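*Asks:* Have a look at the structure that comes next, please.
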């Protein structure tokens, strides 16, 4: 399958022929270190191997030019080569030299001012990223006249399961499996169903005014942009507004509307470890339990990775098309954040909320559960049993009850 998105990848700077050969020894040393690295560095390792390994033609050219005295086993400017290598590596993975990370005050000034922009978080902390998204949404001013202040946010989270604000987590996830596979559990500030994140999934959040908001709008734009670059992707939209490919769901969405503003945030499965996702959204509860809840229930769907687009390519393509499509007066800038520098008390407070057991386990909708073979009905609100056929269970935490259900029943 041809790769039509390669021009949109984040490319390292040009290195001349002589420097290519100078880097040969350096590269082969560094790739020994890279073998034990995370799989996400596979693409960059391959790219640099092609870049730094001279062909016979290159060596011949240099020799013909009177440079036959060059010894490929020695690097004349090792410090410069290491610096160049690191700079390119950091640029490619958005974690260094080329990315000017905003300070807390810069973030506040930019978010609270009118205007359109793109923000990419360089953090993989789901707590920071959801708190950052919440901060941008709450502090974006409503445009009283002229163009609305539409904004686009990207972030990639480490392993986590994210349930909707109005979901009963006990019906959505297997807590024991999440723990065994080192997945964090989060309850987000918006509605919608449960999704799984890892480093092969990109999250995007499109913010606009309430008047301009339409649930399927931005996903239609993404489909248009990506299909135009590579028609072999064959991306489409289902009736729920999810992006699909060959009948498989590759992107799930959730929405929030408040204060005259709205946002649509969604996942994009690019090269996620889907094997690790297996079973995480299948609660292992006794078969004798019958649930009644007013909360939102996730819709089960077959999922797959897009496969031929990397996270960096996706972010680069969508950012560039967003800049062109939504440009009004002047260029739309791209800013960068992380949890060490681009953080303030409001973001910290939101992170503390997201991390708290109170928010995770003791919020969400009211529900009741009937244990059929015991003739027992339990009613729960804010994580606490408030009504039951047995008085000794009233006032217990439902989490503790479920963890020790055999001793209670």
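The backbone N, Cα and C atoms fix where each Cβ goes, glycine too.
Owing to the predicted nature of the structure, the values given are computational and were not obtained by experimental measurement.
Pulled these from Swiss-Prot:
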{"type": "BINDING", "residues": "188, 193, 194, 195, 196, 249", "note": "ATP binding site"}
{"type": "BINDING", "residues": "249", "note": "(R)-lipoate binding site"}
{"type": "DOMAIN", "residues": "146-330", "note": "domain 'BPL/LPL catalytic'"}
*Asks:* Around the C-beta of residue 196 (ATP binding site), how many further C-beta atoms are within 10 angstroms, looking at every protein chain?
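*Replies:* There are 24 such Cβ atoms around residue 196 (ATP binding site).
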*Asks:* Can you name the residues of this chain that are 6 or more positions from residue 194 (ATP binding site) yet have a C-beta less than 8 Å from its C-beta?
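*Replies:* The list for residue 194 (ATP binding site) reads 161, 162, 163, 164, 167, 172, 173, 281, 298, given in order along the sequence.
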*Asks:* Within the chain of residue 193 (ATP binding site), which residues six or more apart in sequence place their C-beta under 8 angstroms from its C-beta?
*Replies:* 163, 164, 167, 172, 252, 254, 296, 297, 298, 299
*Asks:* Listed ATP-binding residues 188, 193, 194, 195, 196, 249 - what's their greatest C-alpha to C-alpha distance in Å?
*Replies:* 21
*Asks:* Pick out which of the binding-site residues 188, 249 has the most other Cβ atoms within 10 Å of its own Cβ.
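*Replies:* The residue with the most neighbouring Cβ atoms within 10 Å is 188.
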*Asks:* Across the domain 'BPL/LPL catalytic' (146-330), what does the pLDDT come to on average, as a whole number?
*Replies:* 93
*Asks:* Which residues does residue 195 (ATP binding site) neighbour through Cβ under 8 Å, counting only same-chain ones at least six apart?
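*Replies:* In sequence order, the residues whose Cβ lies under 8 Å from that of residue 195 (ATP binding site) (at least 6 apart) are 161, 162, 252, 267.
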